[in-house]
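Here's what Swiss-Prot has on this protein:
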- Arg14: site 'Transition state stabilizer' (SITE)
- Lys19: site 'Transition state stabilizer' (SITE)
- Arg138: site 'Positions MEP for the nucleophilic attack' (SITE)
- Lys194: site 'Positions MEP for the nucleophilic attack' (SITE)
Amino acid sequence: MYTAIILAAGRGSRIGFRKQFATLCGKPLFMHSLEKVLDIFEEVILVLPEDFLDKVKVHPKVKKVAGGPERQDSVFNALLQATGDIVVIHDSARPLATKKMFLEVAQLGDYHGKVVASPARDTLKEVVEGKVIKTLNRSLIWHAQTPQAFRRDILLECHMRAKAEGFVGTDDASLLERYGYSVGVVEGSYWNVKITYPEDLEMVKKIMGCEED
């Protein structure tokens with residue numbers, strides 16, 4: 001069985017407000033991702049700020065779980081409630097992820113996990129204190145996105161090990177990498193942008209044709 005986990009518990013520290021509840025084309029931002037997974041996966045978990053659990057009304061199929069102080073804590077809380085053999089984790093701040101991405105990343109094959117990612121287009125520099133150290137090999141660099149999918153037992157083990165040693169990864173795949181598990185890649189789309197700043201939200205509105213929001 002598959003479990004989809006939609007993360008919508010962020011504080012919005014960089015954008016200045018809880019972006020998951022911002023209106024995008026007539027509905028809350030998080031709802032765009034939630035609606036895509038409802039008819040794909042058997043179990044759906046929506047991770048919310050604890051004080052929003054009773055305020056947010058969703059489909060009866062959706063299990064609401066309180067998030068934690070950080071993203072990693074929120075995923076861990078959801079994993080404890082998930083029952084699927086494979087979990088598909090997605091940041092609600094990426095409303096342009098397609099159903100095709102969710103379906104493809106969930107097919108793990110021989111991997112312990114898979115991520116949606118896009119090959120780097122720009123020349124990338126390693127910079128320390130304002131000084132360019134070297135140019136990275138662009139052909140080896142991919143921009144990781146979500147959704148990401150994992151064997152639940154493996155990801156839960158990695159989360160527990162990370163918690164024990166105080167390690168915080170920037171995404172869930174980084175935990176598997178740290179502990180020697182295999183992670184595959186599904187090529188995503190450059191349109192699958194993450195809304196981090198106000199201008200990102202305005203750009204996505206233009207892409208979706210709902211600038212009037």
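Using N, Cα and C of the backbone, Cβ positions are placed for all residues, glycine too.
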Recorded sites compared (Lys19, Arg138, Lys194) - highest count of Cβ atoms within 10 Å: Lys19
Inter-residue Cα distance where the pair is Arg138 (site 'Positions MEP for the nucleophilic attack') and Lys19 (site 'Transition state stabilizer'), in Å: 32
Pairwise Cα distance for Lys194 (site 'Positions MEP for the nucleophilic attack')/Arg138 (site 'Positions MEP for the nucleophilic attack') [Å, integer]: 21
